[in-house]
Amino acid sequence: MNTTTDPAPVLTIDGPSGSGKGTISRLVARRLGWHYLDSGALYRAVGVAAGWGDIDLADPAALVRCTFDTEVSFREQGEDLHVLVNGSDATLELRTETAGAAASAIAAIPEVRAALKDRQRAFRQPPGLVADGRDMGTVIFPDAPYKVFLTASAEERAERRYNQLKDKGVSVTLAGLLREILARDARDASRAVAPLRPADDAVRIDTTGIGIDEVVERVLALLPATGA
Ligand SMILES: Nc1ncnc2c1ncn2[C@@H]1O[C@H](COP(=O)(O)OP(=O)(O)O)[C@@H](O)[C@H]1O
Ligand SMILES: Nc1ccn([C@H]2C[C@H](O)[C@@H](COP(=O)(O)OP(=O)(O)O)O2)c(=O)n1
């Protein structure tokens with residue numbers, strides 16, 4: 001008799017910045033009634049905590065210590081997901097491009113990635129998990145039964161980010177954002193450990209010119225009907 005219980009199902013949604021991972025993952029998780037992991041928030045939290053502690057982004061040993069010392073927790077507040085870093089609400093600071101660039105630099109350090117592995121895997125709880133990031137389907141949950149890789153043209157991703165930040169009152173230029181997105185794509189895709197790439201068994205969805213609702217339906221169509 002087989003007495004082992006199957007692990008909770010996971011849907012991984014990986015892709016470059018602005019491809020819609022966070023938006024689509026949250027909506028799909030809500031429709032399914034599954035948990036949600038924003039893995040990028042963990043890397044961003046370490047970046048922000050490093051900034052608070054005046055830690056040099058060129059000092060890998062200090063950044064690894066900072067990773068172990070940084071507590072991150074998530075709190076649902078209405079429609080919004082708030083992120084607490086060492087007990088302080090850092091939701092807005094985490095979304096800045098400065099935090100994204102710091103996260104991308106820190107994420108290239110293998111010991112930092114290793115230190116965050118178990119924390120990410122702990123989110124795999126019944127009834128299921130939607131996990132968004134860069135290496136969810138390749139490294140963290142390679143056995144996930146459902147894998148998606150979202151893309152969109154760099155121009156459209158920069159425009160989405162521009163509108164998103166403008167709505168939040170953050171002053172940015174479209175040209176500057178496009179430059180930052182291309183630089184981050186290049187660094188995330190070229191690093192030696194867990195580079196940004198689709199898992200071999202991931203379904204690729206190019207969201208250029210496709211609305212959010214349509215992408216959500218395409219993703220849900222990959223899972224068995226749940227009545228969600
Ligand atoms: N398919 C889409 N069409 C238009 N806008 C989108 C689409 N997907 C996401 N967005 C918008 O683009 C912005 C960036 O999306 P986000 O989910 O934060 O991307 P990522 O997590 O991949 O960086 C958000 O303002 C979001 O509402
Ligand atoms: N699983 C992950 C998630 C994020 N990262 C790194 C690389 C990314 O540039 C930064 C920020 O990731 P995040 O998903 O929050 O960024 P975007 O919303 O896609 O702009 O962290 C990673 O290396 N692995």
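Cβ coordinates come from backbone N, Cα and C, glycine included.
Feature list (source: TrEMBL):
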BINDING   Gly15, Pro16, Ser17, Gly18, Ser19, Gly20, Lys21, Gly22, Thr23  ATP binding site
DOMAIN    12-222  domain 'Cytidylate kinase'
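Features per TrEMBL, on structure.
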| residue | record | contacts (Cβ under 8 Å, 6+ apart) |
| --- | --- | --- |
| Gly15 | ATP binding site | Lys21, Arg134, Val148, Phe149, Leu150, Thr151, Leu196 |
| Ser17 | ATP binding site | Gly100, Arg157, Arg161, Ile181, Arg184, Asp185 |
| Ser19 | ATP binding site | Leu150, Thr151, Ala152, Arg157, Thr207 |
| Thr23 | ATP binding site | Ile212 |
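Look at Ser17 (ATP binding site): DSSP puts it in coil. Filtering Ser17, Ser19, Thr23 by Cβ distance to ligand 2 (under 6 A) retains the following binding-site residues: Ser17. Counting Cβ atoms from all protein chains shown, Lys21 (ATP binding site) has 26 others lying within 10 Å of its own Cβ. Using the Cβ center of Gly15, Pro16, Ser17, Gly18, Ser19, Gly20, Lys21, Gly22, Thr23 for ATP, the list of other same-chain residues with Cβ within 8 Å runs, in sequence order, Ile24, Asp132, Leu150, Ala152, Arg157. Annotation note: Thr23 (ATP binding site) sits in a helical segment as assigned by DSSP.
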